[in-house]
């Protein structure tokens, strides 16, 4: 008897609050639930694809860096990435770093491949890709260029292993000029012409 009274009260409340008959009210609720289920299914993320077996072989781990000691510039050229069995080396301010872990940047075909196997101090300081700047000679650089070079050196020191130094060739005493050559002021050059 209590259930019958509860049903009668519920029917009267549905009619009073919605203006619908109980059958119309429950039909509307069922349609709304079905519509919600369909619409939410359209916007749901698709299930993830099943994992595929790996066909690519795993990349071989890099060998540990080999300490080179003092190396001439000619010897350093042998480590430009053209031989995949050799480490990829690059120098900054005479310090040689093993950049093999970044072969995609410094190896053949990479955006910085021209720096590999060389002391690229001047090019890095000037942010230049010109062949004449691919040298370790940093004479004549301005303070901003030297700061940029210092930033590059810190980056290399923190990211790569130092494996050696570039051997500087001594100029024989007989080839040194006897006295320094000083450029003449422009007004003296004009007088002589």
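Here the Cβ of each residue, glycine as well, is placed from N, Cα and C on the backbone.
The model shown is predicted, which means the values in this text are computed figures rather than measured ones.
Noted in TrEMBL for the protein shown:
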type: DOMAIN; residues: 71-167; note: domain 'Cytochrome b5 heme-binding'
type: REGION; residues: 46-68; note: region 'Disordered'
type: TRANSMEM; residues: 20-45; note: transmembrane segment
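Residues 10-11, 14 of the same chain, all 6+ positions outside the transmembrane segment (20-45), place their C-beta atoms under 8 angstroms from a C-beta of that stretch. Across the domain 'Cytochrome b5 heme-binding' (71-167), the prediction's mean pLDDT works out to 91.
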